[in-house]
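These notes are about the structure you will find just below.
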Amino acid sequence: MPSANPAHPERYVGRFAPTPSGYLHFGSLVAALASYLDARAVGGRWLLRMEDIDPPREMPGAQKAIVDTLLSYGFEWDGEMLCQSERHAAYRAAIERLLDEGLAYACTCSRKQLEAYPGPYPGFCREARNSLDDAAIRLRVPDREYAFVDRVQGEFRQHLGREVGDFVIRRRDGLIAYQLAVVLDDAWQGVTDVVRGADLLDSTPRQLYLQEVLGLPQPRYLHLPLIIQPDGHKLGKSYRSPPLQPQEASPLLLRALRALGQQPKAELDDALPTEILAWATSHWDADRIPRTRTLAEAQLR
Ligand code: GLU
Ligand code: ZN
């Protein structure tokens with residue numbers, strides 16, 4: 001099984017892990033910036049991982065656009081970008097192990113059958129010993145609560161059995177679920193600190209459970225407030241915003257810094273992106289990040 005990077009057991013390793021279902025938007029810039037600064041401020045490594053495991057939802061050209069935007073905004077990552085599409089052997093191996101150990105099982109329930117049960121999956125296939133063909137694979141969750149202390153959001157608890165239920169780790173069409181891929185890759189890349197949007201707060205207990213059953217280390221977590229549009233729209237995966245423009249890099253980086261509670265000095269207004277990042281790295285204070293789940297974009301201008 002994959003294990004943490006043994007080369008630097010204590011050194012901070014952070015990452016930014018965009019999904020190429022659309023362009024980077026202001027909310028993803030905030031996540032990229034916070035994960036970058038939190039790593040660089042302590043001399044840590046910062047990795048880039050393209051979460052391209054869902055080809056049907058991928059927007060053509062998005063991968064290149066994301067990389068180009070990061071570069072034009074002054075971000076430099078360590079090593080080569082990792083693409084999840086190259087990691088299928090590892091995902092398959094983990095699924096086989098979970099099946100062998102009886103921790104996962106094949107589920108043949110159709111969407112139609114489950115429509116009548118809007119809550120957690122009712123567990124119909126738990127003991128069914130279905131064939132793996134044309135079946136989703138679900139992870140059996142324990143009937144207990146998982147809790148962790150987020151660096152910004154504080155204590156977060158979720159009862160996996162009652163609030164989540166046995167969740168899908170491989171879809172019926174063969175696609176690997178985000179929850180499994182993210183846990184395997186964070187461990188494989190030796191990530192010590194996950195900094196990402198608060199939309200993923202309620203995925204974290206599932207990820208803690210996966211780390212536990214796969215014997216992987218648990219990173220620290222920092223969930224950032226989500227940026228909300230004036231119309232109440234979350235800037236998120238399903239929302240197709242226009243690309244961030246290179247000529248807007250400096251003003252948008254400054255705005256993202258303010259969203260993170262940092263106080264960029266006025267002289268930075270005319271600075272280059274790399275100068276802004278250098279200043280922000282030496283002045284980074286994660287304690288200033290607003291302790292809320294959402295932030296209205298309109299208040300940041
Ligand atoms: N790929 C996910 C997203 O774009 C982020 C995954 C993570 O940071 O854990 O929302
Ligand atoms: Zn089922």
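Sequential numbering from 1, following the chain as shown.
Using the three backbone atoms N, Cα and C, a Cβ is placed for every residue, glycine included.
According to TrEMBL:
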type	residues	note
DOMAIN	15-116	domain 'Glutamyl/glutaminyl-tRNA synthetase class Ib catalytic'
BINDING	R15, F16, A17, P18, T19, E51, Y178, R196	L-glutamate binding site
MOTIF	18-28	motif ''HIGH' region'
BINDING	C107, C109, Y121, C125	Zn(2+) binding site
DOMAIN	133-237	domain 'Glutamyl/glutaminyl-tRNA synthetase class Ib catalytic'
MOTIF	234-238	motif ''KMSKS' region'
BINDING	K237	ATP binding site
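Shown on the structure are the features that TrEMBL records.
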residue: F16; record: L-glutamate binding site; DSSP class: strand
residue: E51; record: L-glutamate binding site; DSSP class: coil
residue: C107; record: Zn(2+) binding site; DSSP class: strand
residue: Y121; record: Zn(2+) binding site; DSSP class: coil
residue: Y178; record: L-glutamate binding site; DSSP class: helix
residue: R196; record: L-glutamate binding site; DSSP class: strand
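Other than the site residues C107, C109, Y121, C125, same-chain residues with C-beta atoms no more than 8 angstroms from the centre of those residues' C-beta atoms, the Zn(2+) site, are T108, L114, P122, G123, F124, R126, A136, R138, D166. The candidate set comprises the binding-site residues F16, Y121, Y178. Of these, F16 has the most other Cβ atoms within 10 Å.
Close to ligand 2, meaning a Cβ under 6 Å from one of its atoms, is not one of the binding-site residues F16, P18, E51, Y178, R196. Here the Cα atom of R15 (L-glutamate binding site) is found 36 Å from that of C125 (Zn(2+) binding site).
Taken in sequence order, the binding-site residues A17, P18, T19, E51, C125, R196 that lie near ligand 1, meaning a CB under 6 Å from one of its atoms, are A17, P18, T19, E51, R196. Proximity of P18 (L-glutamate binding site) to non-local residues of its own chain (separation of 6 or more, Cβ distance below 8 Å) is seen for L24, S28, A32, M50, E51, I66, given in sequence order. A distance of 36 Å separates the Cα atom of C125 (Zn(2+) binding site) from that of F16 (L-glutamate binding site). Under a cutoff of 8 A between CB atoms, and with a sequence separation of 6+ in the same chain, the neighbours of A17 (L-glutamate binding site) are L48, R49, M50, E51, V182, D185, R196. For the domain 'Glutamyl/glutaminyl-tRNA synthetase class Ib catalytic' (133-237), the DSSP counts in helix, strand and coil order read 33 helix, 35 strand, 37 coil.
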